[in-house]
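Straight from TrEMBL, the features:
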{"type": "BINDING", "residues": "B:C80, B:C84, B:C87", "note": "[4Fe-4S] cluster binding site"}
{"type": "BINDING", "residues": "B:C123, B:C216, B:R286", "note": "[2Fe-2S] cluster binding site"}
{"type": "DOMAIN", "residues": "B:65-291", "note": "domain 'Radical SAM core'"}
Amino acid sequence: MDELYCVHCGRTVEQCDAAACRNARTSLEPPRFCAQCARRMIVQVTPNGWTARCSRHGETASRSHQV
Amino acid sequence: MTAATQQSESTVGEQDVLAVAREQVLERGVGLTQDQVLQVLRLPGDRLQDLLALAHDVRMRWCGPEVEVEGIVSVKTGGCPEDCHFCSQSGLFPTPVRAAWLDIPGMVQAAKETAETGATEFCIVAAVRGPDKRLMSQVRDGINAIRESGNDINIACSLGMLTQEQVDELVEMGVHRYNHNLETARSHFPEVVTTHTWEERWETLRMVHEAGMEVCCGGIVGMGETDEQRAEFAVQLAELDPHEVPMNFLIPQAGTPYEHYETIEGPDALRIVAAYRLAMPRTMLRFAGGRELTLGDLGAEQGMLGGINAIIVGNYLTNLGRPAERDLSMLEDLRMPIKALSDTL
């Protein structure tokens with residue numbers, strides 16, 4: 001599914017400031033906004049992964065946490 | 001314990017500070033004073049390698065070659081009522097972090113992931129002013145479940161400011177170490193946090209120490225403090241005499257007052273690491289958050305060879321770290337043995 005929104009700032013992909021959202025800092029950030037609807041997600045970081053849950057679109061996870 | 005404001009020995013300003021440190025710290029095990037730490041922080045770039053080498057020698061002499069490995073997890077994320085300006089978990093700033101609770105199976109799984117790296121420490125952390133009954137109950141149930149799973153990893157906690165009753169309860173739960181960072185120099189703290197005081201944090205640390213738990217207390221550099229305040233903080237930590245000092249480097253978090261701060265330069269970060277080692281020759285000095293951004297891979301290695309003897313592997317509370325395997329591989333390449341659980345019992 002195409003990403004419509006930036007997972008770091010929640011703006012549309014077209015409006016996202018790439019310099020602010022694709023850099024060394026954000027490479028160390030889990031996603032915070034749902035890529036489909038831009039809702040803020042509930043994110044749990046664990047020692048070797050993360051899960052992020054959108055109230056509408058469900059849960060996504062790092063590769064290490066995918067089942 | 002009172003705030004430290006030691007004056008330097010008379011040698012400062014008359015002799016090269018590294019020569020003084022070699023005799024004072026390496027040979028006698030006496031940490032640098034505030035003025036001496038400041039001198040170290042102001043050493044020119046062409047002395048950095050000499051400084052790191054000395055700090056490494058001090059670490060090897062007074063702490064030994066072993067590295068303590070730790071994993072951490074946030075059991076209660078976000079929604080914190082405090083205004084620590086560096087923190088994306090404050091509910092007072094418009095950050096993208098939403099409140100979340102980790103359930104008991106999640107805690108057991110996180111402890112398992114940590115133990116599988118070979119780590120001997122697992123720290124349970126909550127973004128709170130201090131724990132309420134619900135959080136204490138969650139921590140107790142989590143620790144019991146971790147033990148019932150057969151995981152005997154050492155468990156530490158970081159739950160904010162405590163009452164004496166809560167300190168006693170954590171001891172009874174078997175928590176062997178408590179983390180509560182002073183964050184920065186006493187003189188700089190009011191610029192960083194306004195909802196509680198440095199002294200309130202100190203009081204929790206005093207109770208933890210008196211209860212017999214190991215004290216873990218460090219801070220974050222890069223929050224607008226001066227070199228003088230970095231030196232001040234080093235001797236304040238030395239006076240506290242914690243078992244462990246975690247060293248964090250500011251990650252400018254979106255939505256916080258420090259969002260637009262620049263990260264400090266790698267050489268400055270290494271200089272601080274080495275200076276803190278020379279101020280606290282026997283203390284466990286741990287690489288914590290922000291090292292990936294500030295130092296990168298090469299800088300992390302230099303830090304391990306410049307006074308650091310402990311490391312958080314894997315992810316942090318809200319930020320990701322580099323994969324644990326890369327840090328473990330780095331330690332292997334550096335021929336630094338990982339502290340075994342049997343060594344801590």
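Just so it is clear, glycine is given a Cβ too, placed from its N, Cα and C backbone atoms.
Worth saying up front: this structure is predicted, and the values here are computed from it rather than measured.
Structure coloured by features recorded in TrEMBL.
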residue	record	contacts (Cβ under 8 Å, 6+ apart)
B:C80	[4Fe-4S] cluster binding site	B:C87, B:Q89, B:S90, B:G91, B:A127, B:V128, B:R129
B:C84	[4Fe-4S] cluster binding site	B:S90, B:E183, B:V192, B:V193
B:C123	[2Fe-2S] cluster binding site	B:E70, B:G71, B:I72, B:V73, B:I155, B:A156, B:C157, B:S158, B:R177, B:N179, B:C216
B:R286	[2Fe-2S] cluster binding site	B:E68, B:E70, B:G218, B:E244, B:V245, B:P246, B:M247, B:I308, B:N309, B:A310, B:I311, B:I312
